[in-house]
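Novice: Quick one: this structure, given as C-alpha cells, is what I'll be asking you about.
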Amino acid sequence: MCLIMETDDHNGDVLAPPSNFSMVEDGIYRSGFPRPENFSFLKTLNLRSIIYLCPEPYPEENLKFLEANNIKLYQFGIEGKTDPPTPMPKDTVLDALKVLVDVRNHPILIHCKRGKHRTGCLVGCLRKVQSWCLSSVLEEYQKNAGLKWRQRDLNFIEAFDIVSLRQCLLSIMYQYHGYGFKRRRLAYEEENVKTPKPQAARV
C-alpha cells in the first residue's frame with residue numbers, strides 16, 4: 001500500500017498516516033499501530049477516541065500524545081497468536097462495538113498491530129450491524145488483510161450474532177441525512193445510552 005504524505009502548511013511537518021490507514025466511514029478510521037512519526041497526521045483527524053485491540057500495554061510516548069490531544073483510549077486485549085491460533089472472543093468484540101457505534105466517541109480510530117485481522121474482524125462485525133450483505137463484508141476483510149487473510153476470521157464474522165448487539169443498544173439507530181445523496185449516520189438518545197468506561201485513558 002502506498003503511503004500518502006503531504007506537508008502541513010501550519011508547521012511544516014510531514015504528514016504520514018499509519019500503516020494500512022483508511023477511512024471506514026465518516027468519523028471512523030482504521031490502521032496499523034501508530035508510530036510517533038504518524039502523530040502529526042493523526043492530529044489532523046481531530047480524534048476523540050482510539051480503540052486498541054491488543055493486550056500489550058500502550059507505549060508511554062503514545063499515551064503522552066493522547067493526553068496532549070485529549071483523546072480517550074479504549075483497550076480491548078485480543079490475542080493475535082496464530083500458533084496455536086487464538087479464538088476471537090465474542091464478548092470482547094461486542095464490548096468494542098458498543099464503543100465504536102456511539103457517536104460521542106467519534107471521530108475514532110481502530111487499530112491493532114498491523115490493522116488487518118483483529119481490526120478487520122471488528123470492522124466486519126460493524127458492517128453486519130450496518131446491514132451490509134455478507135459477501136461484501138467478507139470481501140472488504142480480505143482486501144484489507146491481503147494475502148494473509150484468515151479463514152477463521154471469516155468464519156467469526158459470518159457467525160457473529162448482531163441481534164445481541166442490537167438488543168444492548170436499543171437507543172442507537174441509523175438515520176439517513178441527504179445532501180444530494182444519502183449518507184448513513186449514527187444517532188443516539190443521550191439519556192438512554194450508557195457511557196462506556198475506558199479501560200485505559202489519560203485525558
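Placed from the backbone N, Cα and C atoms, the Cβ positions cover glycine too.
Features from Swiss-Prot:
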{"type": "DOMAIN", "residues": "20-169", "note": "domain 'Tyrosine-protein phosphatase'"}
{"type": "REGION", "residues": "76-88", "note": "region 'WPD loop important for active site topology'"}
{"type": "ACT_SITE", "residues": "C112", "note": "active site, phosphocysteine intermediate"}
{"type": "SITE", "residues": "R118", "note": "site 'Transition state stabilizer'"}
Novice: Looking only at the domain 'Tyrosine-protein phosphatase' (20-169), what are its DSSP counts of helix, strand and coil residues?
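Specialist: Once the DSSP states are binned, the domain 'Tyrosine-protein phosphatase' (20-169) shows 75 helix, 22 strand, 53 coil.
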Novice: Between R118 (site 'Transition state stabilizer') and C112 (active site, phosphocysteine intermediate), what C-alpha distance do you get in Å?
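Specialist: Approximately 6 Å lies between the Cα of R118 (site 'Transition state stabilizer') and that of C112 (active site, phosphocysteine intermediate).
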